[in-house]
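Features of the protein shown, as given by TrEMBL:
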- 103-548: domain 'Amino acid permease/ SLC12A' (DOMAIN)
- 91-114: transmembrane segment (TRANSMEM)
- 120-139: transmembrane segment (TRANSMEM)
- 171-197: transmembrane segment (TRANSMEM)
- 209-230: transmembrane segment (TRANSMEM)
- 242-261: transmembrane segment (TRANSMEM)
- 328-347: transmembrane segment (TRANSMEM)
- 373-397: transmembrane segment (TRANSMEM)
- 431-450: transmembrane segment (TRANSMEM)
- 456-475: transmembrane segment (TRANSMEM)
- 495-516: transmembrane segment (TRANSMEM)
- 528-545: transmembrane segment (TRANSMEM)
């Protein structure tokens, strides 16, 4: 029997919508749900009274979809995970933890300082935050129509012959992106801990063994956050809620203490306009700004797409995931500005905080600004508290991405990664958690071999997450957005086209910027190999599909 005949192909929304000659929505077994809408602006309703515009354009702008009932796709998997594990507030907290400006911007501060300083950091963060919010709107609309991890949505949106292949690529990109993002979060935390130790005693760790101690500290962090996911999953709801308060108070304390202990503040004019990229080696200020502003910020913001993997553990994923995705981006954007601007006001000379082996720039900013070892340690501990929340959340999302892909037989030994002990009170895919931890352990070994190799995998995390987010949006545009009609989260006035196109352009642009080296001239060690790892990964995934996936992988199980 041909392998393609033994597939679980259900009638998709493409067949329901595009197959109807009258262009009407076919009635199925969808359930009616409430939906979110973008606010209606008064000037839109009065547009034709003020400005003469073509009738067709006016009809597009004023198009309403109030009369279209919510039609959320129902998937028919056996519910193994705890459907009530995460509330909407908890998912917001988890998303905020993944996109925390306290941890993300602090541990990548060297990128922005090299390439322009405070103007690159602040304006880059602002632009990146706004574009990430627009991207979250596009993705939220798809997730609210197809409340499943993104590979399932890609299968529903892709043309029939490409359905499995598109779903396969999307699933593996999301999985590998989640694994590498989780690794980068915890490894950055390990580097921060080592920086704290060397700050208190410079001779404590020999420079020859810094990387080894960092890897060992990384293993300890991964083990702790992994055990919490395995043994204390019932507390994840509370942990995610506490995460929000911890980060907000960390921002409040950090900003206040820095301004109090450093009386000599820079002027706002210097903060927003004094651009210095002399340490980067780039002659182009524009290119240096793009690298300093967008590389650093994208390492912080790209975690928003990982929230789609939590669809099986929220009561109403078609509403909870989109709401949490968009809100967590906004919270991260606004709180990040309150964190960054005070820090830039007291920023020492960049040359004083760069090129100190074993000590991250953020630690030196604290010590040189406050002139107090005690206060500096306290501020670093606030960031490390954030590390715990972010690490727990990253293991949660990466293990659920693995569980979701394995449920459709998208990875060898899929029965192991979907196993949930029915007798256990905490419905956790324990082997998925263990494999996610194991992947992090292996990736960290690269740091012992080559720092450039490890950094390439960290950069590849953003490339993979951008690709996984972009693929369903492109497929939706291919069908002229007909397959997201009736979603519980709606972008009105045909602004969906603009939003989707801006998202695709931004994600492609981000992938280019992430692949550029942070400074020139480029050496073998300083070269950015992220794109190399990305293309090698895509080749591997393609070969795996052609040799194994085509005989095993199946489309998502949906209700008729």
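Just so you know, glycine gets a Cβ as well, placed from its N, Cα and C.
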Open item on the list: Just to confirm my parser: what is the rounded mean pLDDT across the domain 'Amino acid permease/ SLC12A' (103-548)?
Closed with: 92
Task: Which of 91-114, 171-197, 431-450, 528-545 contacts the transmembrane segment (209-230) most, counting Cβ pairs under 8 Å - done: 431-450
TODO: Give me the stretch from 91-114, 328-347, 431-450, 495-516, 528-545 with the greatest number of Cβ pairs under 8 Å to the transmembrane segment (456-475).
DONE: 495-516
Open item on the list: Pairs 6 or more apart in sequence, C-beta under 8 angstroms, 3 or more of them: is that satisfied by the transmembrane segment (328-347) and the transmembrane segment (495-516)?
Closed with: no
Task: Contact check, the transmembrane segment (242-261) vs the transmembrane segment (91-114), 3+ Cβ pairs under 8 Å, seq sep 6+ - done: yes
